[in-house]
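Reading through the structure tokens given below for one structure.
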Amino acid sequence: MPYTASLTLNSGASMPLLGFGTWQTPKDEIKRCVEMAIDEGYRHIDGAWAYKNEEGIGEAVEAKIKEGKIKREDVFITSKLWSTFHETADVRESLLETLGFLKTDYVDLYLMHWPWSMKKSGKESLPKDENGKFLYTDVDYVDAWKAMEAIHKEGLAKNIGVSNFNEFQVSRLLKECSVIPAVNQIEVHPYLADTKRIEFLQSKGIAVTAYSPLGSAQRPWAKPEDPVVLDDPTLNAVAKKLGKSAAQVALRFQIQRNISVIPKSVKAHRIKENAQVFDFTLSEEDMKTIAGLDRNWRACGMDKTNDAKYWPFRSNYSE
């Protein structure tokens with residue numbers, strides 16, 4: 001039974017509220033995982049050039065189409081423009097490479113992964129000089145966005161959006177560009193409610209997708225002292241009361257905020273469990289309880305790039 005509950009984007013397109021995340025999924029496991037997700041009813045697959053595994057997504061979708069399980073139009077596929085391809089000529093070229101990996105003529109959503117830009121360096125995601133310093137460039141994200149508008153107009157990306165953009169950066173796009181971003185994909189989980197930014201985005205007709213909606217405990221840079229969202233006693237108490245898992249409650253919390261979620265797992269039982277979030281509702285009291293867990297704690301701030309001109313998480317950000 002496909003999970004088709006969706007958000008309507010400002011283009012009129014429907015984006016499923018439940019998506020399957022693919023960050024950190026190894027190349028040799030990605031095809032199997034995406035096939036399992038499709039079999040479990042996921043109809044939104046979130047990928048990116050930087051994840052280095054888009055070929056497996058393409059193989060999985062192609063296999064499921066050949067099986068007759070789905071048609072291409074049944075699946076909402078997201079990819080992302082990486083920071084080394086922000087130059088106008090590189091934007092289209094990078095998307096064409098992604099389309100080749102995905103074995104499709106278009107993506108349903110193409111996001112600018114980060115607002116900062118870096119020097120193009122082959123397959124290298126974070127190029128450095130001989131002293132180990134990141135090789136940033138001064139390409140303005142507004143110019144990269146205008147190049148994305150062109151590929152949208154061409155039909156290569158049915159919808160375009162951003163990821164990790166702050167309010168100032170989104171406001172610049174609204175002021176200086178002609179296509180309003182359909183989506184801003186940002187980190188959101190019970191310890192990072194980001195209410196002000198989400199209210200701003202939704203007020204502008206920009207949908208929000210939550211990445212790391214379970215707190216990304218498996219991120220490579222986690223420190224032993226970092227909090228683990230799914231171990232939170234309050235979250236687990238709500239889950240126990242409802243006969244659900246902490247992960248299901250954390251996902252349901254965002255869905256009831258009208259936010260789409262893209263949980264990731266390589267384990268069959270977790271992929272199944274994470275999808276079972278449409279057969280229960282959190283009460284107003286439960287929603288308030290979980291909202292009270294917010295501690296403005298960010299798991300994925302890419303802090304090592306905080307010297308980039310357009311790093312979005314700087315206090316009192318301005319340009």
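Cβ from N, Cα, C; glycine included.
Fair warning: this is a prediction, and the values are worked out from it, not measured in the lab.
TrEMBL lists 18-293 with the feature domain 'NADP-dependent oxidoreductase'.
Close to Tyr51 (active site, proton donor) in the fold, though at least 6 residues off in sequence, lie Thr22, Trp23, Gln24, Thr25, each with a CB less than 8 Å from its CB. Here TrEMBL flags Tyr51 as active site, proton donor.
Annotation for Lys80 (site 'Lowers pKa of active site Tyr'): spatial neighbours Gly47, Ala48, Trp49, Ala50, Tyr110, Leu111, Met112, His113, Ser163, criterion Cβ-Cβ under 8 Å with sequence separation of six or more. The site 'Lowers pKa of active site Tyr' annotation in TrEMBL covers Lys80.
The substrate binding site annotation in TrEMBL covers His113.
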